[in-house]
Amino acid sequence: MQLQDPADVLEGVYVANVTPFRDDERYSVDVDAYLAHVAWLAGRGVTGVIPFGTNGEGPSVTTREKQAVLDALVPVAGSLHVVATVAEGNLPDTLDLLAHLDDLPVRAVMVLPPYYFRPVSTDGLRRFYDRVLAATRHPVVLYHIPKYAVPLPPDLVTGLPVWGVKDSGGEPGYAAEVHAAGKGVLVGTEDDLPGRLGTAHGSISALANIVPEQVVALYRQVRDGRSAEAAALSAHLQQVRAMTKQHDSAGVLKKVAEQRHGHPMGTVRPPLSPVPPTFDAVAAAERAVAGPVR
């Protein structure tokens, strides 16, 4: 599915929302905590959420677990866009999750290619996405994250009837080429927003788990051409991002989110490591919210 204007489908700030896991034998998903966190985000100006991406530890979550969470989330999302990440590592599980999502009113699906075999040809990627497109009624966002997965050449994105791409590659020329072909672009970090004015429809943000108000403010500043304000806020958010990288970032985001809204956010699922007891989540939350917001 491809609309004439990509902004008709996706535009604004989308949260790469984290997944709370219980500290039990299987590190089971805490669905109640998941929904409480999303409800808190919904009241802070974000456009939508992106369940089970990188910061949501998607590759560590089974297809069945994702289905159960999405079944609980979508009916209570209200006006919040839900863009479901499909990163199953193989075509059959990808098609199974897409079939399940066809019964849910998600805004779009964001589909990662199988990521074990590298390199693969553009023809192989096209064959995979042709099957994806035939299997879903929802708009499809491709996920370009070369640090962890198979890179998606821009001519693949522009040559398929997809909405566009989440670009986590960090190369401005990539987004510009995709945008020039009439496709949508969501940048993979809020750091990239100020430099992508005119070529991005918004951002998929990990930091919006803990400072959604600030990421929304940055998006509006960039959109409205308030470059000085955007530069100041972006500098602060870069410091917050550096803080989250001191340990496995998903764990840090969960601990700081707990301080923001008071809901228990659990732990991470192996192979990620939990935040050590020495981490001061209270101080981290205070530093995070101290940035300039207009």
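A Cβ is built for glycine as well, from the same backbone N, Cα and C atoms used for every other residue.
Just so you know, TrEMBL annotations never went through curation; they're auto-generated.
Per TrEMBL, the feature active site, proton donor/acceptor maps to Tyr143. Sequence-distant contacts of Tyr143 (active site, proton donor/acceptor), defined by Cβ-Cβ distance under 8 angstroms and a gap of at least six in the same chain, are Gly53, Thr85, Ala87, Met110, Val111, Leu112, Pro113, Ala149, Leu152, Val165, Lys166, Ser168. In this structure, Tyr143 (active site, proton donor/acceptor) is part of a beta strand by DSSP.
Other Cβ atoms within 10 Å of the Cβ of Lys166 (active site, schiff-base intermediate with substrate) number 27 in total over all chains. Under the heading active site, schiff-base intermediate with substrate, TrEMBL lists Lys166.
The DSSP secondary structure for Ile204 (pyruvate binding site) is strand. Long-range Cβ proximity for Ile204 (pyruvate binding site), meaning a same-chain Cβ under 8 A and a gap of 6 or more residues, is found for Tyr14, Val15, Ala16, Ile50, Gly53, Lys166, Leu186, Val187, Gly188. Sequence annotations record features per position, and here TrEMBL assigns pyruvate binding site to Ile204.
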